[in-house]
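*Asks:* This is the structure I want to talk about, given as structure tokens.
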Amino acid sequence: MSKSLAYPPRKWYRRVPFLSDKSSLTLLDSNGNRKITPEASASLWNWFFFSWLNPLIAIGYSRPHIQSELYLLPPSSDVSVYAGKLDGHIEGLRERVPEGGGKRRRFNFHSPSWRLARALNASVLVWFWVGGAMKLFADVATITSPLLVRAIIRFLQTSEQNRKAGLPEPSIGQGFGMAIGLALLLASGVMANVHGFYRSYTSGILLRSALIDSLFRRTSAFSPLERAKHNLETSRIISMISTDVSRIDFACGYFHATWTSVIQILICLGLTIASLGPAALTGFGLMAILVPSQNYIVKYLFLLRKRSMPFTDARLSAISEALASIRLVKVYAWESALLSKISFLRRSELKLLRSRLLLRAVNVALSFSVPTLAAVVSFVTYAALGNELDAAEVFSALTLFMLLRTPLLLLPVAFGAAADGANAIQRLAGAFDAPMPDHGLPIDGDIEAAVEVKDATVSYRVQDHSDEKSEKQTSSFQLTNLTVHINRGELFMIVGPVGAGKSTFLGSLVGETRLETGHAVLGSRAAYAPQQAWLKSGSIRENIVFGRPWNPDRYNSVLSACCLTQDLSTFPSGDETMIGENGISLSGGQRQRVALARTIYEPSPLLLLDDVFSALDAHVQSEVVQKVVLERDPGTTLVLVTHSLHLLRHADRICCLNEGRVEEMGSFAELMGKEGGQMRRVVEEFASKSSAEEEEVEDGDLKDGVPSTDGGDASQTTSNKAMMQTEERFIGSVTARTYASYIRAGKPAFTLTFFILSMLIFQGGSILSPLWLQWWQEGRFPTLSSGTYMGVYAALGVSQAIGLLAMSSIFGFFIFYSACQIHADAIRSVLYAPISFFDTTPLGRITHRFSKDIDAIDNVIGEAFRMLLSTVAQVVGAVVLISIILPWFLLAVFVIVILYILTGMYYRPTARELRRLDALTRSPIYEHVSESLNGIMVIRSLGALQTTLDRNRENLNTENSPYWLSVACQRWLSVRLDLLGTCLVLLVGLIVVGSRSSISAAQGGVALSYIVTVQAVFGFMIRQSAEIENNMNAIERLLYYSHDVPQEPPHKREGDVGLVEKKWPGQGAIEMRDVVFTHREGLEPSLRGVNLVIPAGCRLALVGRTGSGKSTMLAALVGMGEITAGTIMVDGVDVSTIGLNLLRKRIAFMPQEAAVLSGTLRYNLDPFGEHDDADLWRVMHQVGLSSISAQSSAETLTSSDQEKSSPDDAAISPSSHSHSQHLTLDTPIHAERSDLSSGQRSLISLARALIKDASIFVLDEATASMDMELDHRLQRVLRENLRGKTTIVIAHRLDSVVGSSDLICVMDEGRVAQCGSPMDLFGEEGGHFRSLCSDAGLGELDLVEARRRFVSS
């Protein structure tokens, strides 16, 4: 067995003596395979005491477990089994819904939420309810134990009376027998309780995994638009599976307490009346008054939880958006704006959390104090009625009242958990009730055509759920009266302006829109590739093969066709290189080519490509088009949406769409010969821009060995050894630093000080109260009247209630402060982390920290700490009280407490590591669900949906193993600790009986009543301490983000104020001196000694092949990495001495992929509110945003797999959808389900750059995915607004920059190969620029003509 993991050396006080080292042992079988959990095959003894876990715990004490050796769950507990049961019951219940749905009933048991609840119950019916029966037996055994307490006290009374009367005392064996019987009764209850909770907790595990599996399966059947319609965006689904499903899991563990506790209370009422007669009714009358208030509190807690969920969802959505758009956030220095938004939502969430914590404190105080106050009232009434306080009756009744604390404490928790579970079921019910869509057009292999559409109308509708109180807004788009016949083997191209419906048309062919009328059928299965490439976490090979059969010949052919062979040769592990979430470590062109390779890897008779070549430069585009399009198999039908005019002449037929209708269709020659035709107008207007590219495509073949030059800079990947970081795993005990950090976050000077004072008041009253009752019964102070006894006893009871209320309330503030501080520190640290952190960390992992782990801090860990401190106080009080009466108990309890501690120490390493493994295996579930939903259209089109669903089940089964074993280990500990508790009862019982000649019956009653009441507290204390250490994993993970995530250089520096006053940079001159730059530590430099001077007001174009360092130059300029040597000067100021906030705000940046954030258009343009509306409207007019309809391009959503519109229909057409309302500054924008097309997003990106009015303007391939018309319009806007400003442009179309640039900088292998005017560089024979122009088909005359056009425009 590998010993790669080992605990740090243990301190002597953390070691369990007399244990041999088991680190060399393994849980694997002789063949090295994982075993099925031995629970089912265990002997009755091992099953009863959970001893089948002994090997697991023994090894876990010696060394950390690893996931690959843990027991597997049996096939009967597989996720597929219970997911199938759940789905079957849901469908069965849906079929039995009566006509009208039962809406007239007061309780509609056929509502979606009730159906889901009943289906959950039916899925685990026998296992769950046998656990309930066991819990009932345990509760009855516990609540009837005072009968034996009374019998023992009677025995003491009889012994005392007979001894005084000189009569023979009862046989001591009789007393010992009753003490043993009391212990056995409690022991039987312990065993039933442990197994009852085991079944309840594991039922939660089974239902949790079944819910996640079923929810993922159902939502994966929806398109992004359909999910938006049902309010099931990706962030909300992640919230559901991380929070709501976990609450149902938690509710299962405590559900049975909601009814068994009531039975306990009723039995207690009967027994108390039997002891105290009618006087008991006064105590229970007080309970009848106070306990219902708990129900109101629980209801209000439920309401508060419900109110907080929208804020939680909004916070998680804001975090997800910030992470997804982190490059935009960085280059615009928007961290503080996003932090402010997230903090506002968190504060709203915390206000409700504070109210919940204080209400919970009142509830806890009531639950614990009501029995005490009821006992006070009952005993005072009993005495006031003239009854003599009989020790047997009084102390058995006191035991009953004190035992009521457990059900009364448990009831609020149980009802709260049930309320949370009910709330979660209501939130989940909508997803489970949504009708499953029927995706895909019918396929008929017998038809002649590849695609046949006749008189069809297709549409989608998106509902806006942003404001649940208002009427839901619906946006829609339609393609009407479509009649399209695509022949088999045909190259069919689709063109059109913005809002024309090109992407919607492709989406309809893969079943992502709704066919309203008409007829549509496919002749074969279709493979689809969107324009915005989607990749999954994994290796490049995994992304291309995508779970399909391995075919090396086909694979190599696909790599060659997509020009990936040269790229793979530069990667450290070739095609086994891990590329990260959505291929974040690849350039844009590389991502697109990998996605295209995946689409064509398995030959398909019908290919649907949505403008997939726009992100490629001319060279690579030419070769890929040649091999993928022009040299495709003769029988392959290719439908291509394109903005590249030079490709149109290769089409067999072209379809021109406009405003959702087919405007014209025919061959290239036919459409060019049509006077006044749409396509002829566009081609004649913009053909000159693509002439060079057209010539290049005609050439067909490229020179051998020419590396790809598509957009983006892949240099950061060439030396990468591990692109995605594995999630950190903590080993060993939770450090003192972790506990100290958590305590410091809770403002301990205030909270802990007052907590200790209130705990002393509470515990003092708890110890003195039974002693005073004893003295009252014995008449210890003859001078005191009965009324005085009553008054003091009542005062002690009230002091307990006040002390407990203060203690719980103050600790509620501690939880509130710590939750507030930990979240604030973690999110600040993450947002200010360098971009390399996000390149190597899956976003799903980060969002999991801020969902599941924050939920644990808000609702679990603090409460666990409070309960631990309370139990410690109770244990100390119990030991003190019983030792006053029975000094020998101190010696016995010392031995047993040592056993308690050693048992806990033996258990904790295994429990801690299992919980950590559970957390580590849980993150991949969220990551897989998130990235799969983002790419669901691609997954479905490739027929990989079932593989994706199977992977999710595999992840769930993997996580269920440590989770189930963790629960089982808790029961292993509970059995042993609670049996030790019964040993304490037995010891006290035997000592009391054995000391009958030296103690009074009242003293014996105090000792017995107290030990029976608190015996479980001893075990609970150890168990709670272990549970806290297990749950501290959430604190560890968030503190890691708070303190250990690397941070960017300071965003603010002392000299920034002076630069602001000087309005730096006024000119925009840039100078780079010997700059060496790397994207992150451990990588080879991407820039190697760069020297470059950019005069103020100069327009410079960066060109070069892939990996040459173009994008890296821009990253260095805005501080998106580490400059390890050299300096960058802007207007004579070293940028390393400037705060990143000022630096990035003073450089206007327009990235290739335009991103938006949820909020208003005003928020997207100016999140800090630095500009007035007049300025914002001015830039909106300049870029054309003010004339855009708010819904004009929602149709482009169908082409994206990422719940955001694709960069498809990028041009802006004000005429489209003129009936819609125009964009205003207050128009709401949704990042995930935006109504904006990619073109509109690009214009927003341009507007937010222009509003800065910066002297330096940077465009990083900003027009790569735009059509000719929008590109032309954008260039005109830039020329008009950027005169006199320093402009740096990266462009993959060389002809688009040679005419407009004053200087050309040619990058090669991280160095400046050439820099000068276009004509000067072209004149250098053998130079890099001359070579690039030659490869692009550009000659000297082309450069002259391009410059002439720019100057004259």
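Keep in mind that glycine also has a Cβ here, set from the backbone N, Cα and C atoms.
Annotated transmembrane segment per Swiss-Prot: 40-60, 124-144, 172-192, 250-270, 271-291, 364-384, 397-417, 748-768, 796-816, 864-882, 888-907, 1002-1022 (among others), in sequence order. Feature annotation from Swiss-Prot assigns N-linked glycosylation site to Asn121, Asn481. The domain 'ABC transmembrane type-1 1' annotation in Swiss-Prot covers 129-420, and the record cites sequence analysis as its basis. Summarising the annotation, Swiss-Prot assigns domain 'ABC transporter 1' to 460-684 and lists sequence analysis as the type of evidence. Residues annotated as ATP binding site in Swiss-Prot, with sequence analysis given as evidence: 496-503, 1104-1111. Under the heading domain 'ABC transmembrane type-1 2', Swiss-Prot lists 756-1030, citing sequence analysis as support. Sequence annotations record features per position, and here Swiss-Prot assigns domain 'ABC transporter 2' to 1070-1334 based on sequence analysis. The compositional bias 'Polar residues' annotation in Swiss-Prot covers 1191-1200.
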*Asks:* For the transmembrane segment (1002-1022), find every same-chain residue at least 6 residues outside the stretch whose CB is under 8 Å from a CB in it, and list them.
*Replies:* 145-146, 149, 152-153, 156, 182, 186, 391-392, 394-396, 398-399, 402-403, 405-406, 770-771, 773-774, 777-778, 867-868, 871-872, 874-875, 878, 881-882, 885-886, 889, 896-897, 900-901, 903-904, 973-974, 977-978, 980-982, 984-985, 988-989, 991-992, 995-996
*Asks:* Near the transmembrane segment (864-882), which residues from the same chain, at least 6 beyond its ends, have a CB less than 8 A from one of its CBs?
*Replies:* 755, 759, 762-763, 766-767, 770-771, 807-808, 811, 815, 889-890, 893, 988, 1006-1007, 1010-1011, 1014, 1017-1018, 1020-1021, 1024-1025, 1027-1028, 1031
*Asks:* For the transmembrane segment (748-768), which recorded stretch in the set 40-60, 796-816, 888-907 gives the largest number of Cβ pairs separated by under 8 Å?
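*Replies:* Per the Cβ count, the answer is 796-816.
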*Asks:* Between the Cα atoms of Asn481 (N-linked glycosylation site) and Lys1110 (ATP binding site), find the distance and write it as a whole number of Å.
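*Replies:* Computed Cα spacing between Asn481 (N-linked glycosylation site) and Lys1110 (ATP binding site) is 47 Å.
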*Asks:* Let me know how many other Cβ atoms fall within 10 Å of the Cβ of Gly496 (ATP binding site).
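*Replies:* Result for Gly496 (ATP binding site): 27 other Cβ atoms within 10 Å.
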*Asks:* Given Lys502 (ATP binding site) and Asn121 (N-linked glycosylation site), what distance in Å do their CA atoms have, once rounded to a whole number?
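*Replies:* One finds 47 Å between the Cα atoms of these residues.
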*Asks:* Ser1108 (ATP binding site) has how many other Cβ neighbours within 10 Å of its own Cβ?
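*Replies:* Around the Cβ of Ser1108 (ATP binding site), 26 other Cβ atoms lie within 10 Å.
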*Asks:* Pop the Cα-Cα gap between Asn121 (N-linked glycosylation site) and Ala500 (ATP binding site) into the table, whole Å please.
*Replies:* 50
*Asks:* Helix, strand or coil for Gly496 (ATP binding site)? Use DSSP.
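*Replies:* Going by the DSSP assignment, Gly496 (ATP binding site) belongs to neither helix nor strand, so it counts as coil.
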*Asks:* Averaged over the domain 'ABC transporter 2' (1070-1334), what pLDDT does the prediction give?
*Replies:* 78
*Asks:* Using the alpha carbons only, what distance in Å do you get between Ser1108 (ATP binding site) and Asn121 (N-linked glycosylation site) once rounded?
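*Replies:* That comes out at 61 Å between the alpha carbons.
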*Asks:* Let's check the environment of Asn121 (N-linked glycosylation site): how many other CB atoms sit within 10 Å of its CB?
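*Replies:* So the number of other Cβ atoms within 10 Å of Asn121 (N-linked glycosylation site) is 16.
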*Asks:* Cα distance, Asn121 (N-linked glycosylation site) to Gly1104 (ATP binding site), nearest Å?
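*Replies:* Gly1104 (ATP binding site) and Asn121 (N-linked glycosylation site) have their Cα atoms 63 Å apart.
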*Asks:* Given Gly496 (ATP binding site) and Asn121 (N-linked glycosylation site), what distance in Å do their CA atoms have, once rounded to a whole number?
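*Replies:* Cα-Cα distance, Gly496 (ATP binding site) to Asn121 (N-linked glycosylation site): 54 Å.
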*Asks:* Have a look around Ala500 (ATP binding site) and count the other CB atoms within 10 A of its CB, chains all included.
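*Replies:* Summing over all protein chains shown, Ala500 (ATP binding site) has 30 other Cβ atoms within 10 Å.
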*Asks:* Among Asn481, Gly1104, Lys1110, the recorded positions in question, whose Cβ has the most other Cβ atoms within 10 Å in this structure?
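*Replies:* Going through Asn481, Gly1104, Lys1110 one by one, the largest Cβ count within 10 Å is at Lys1110.
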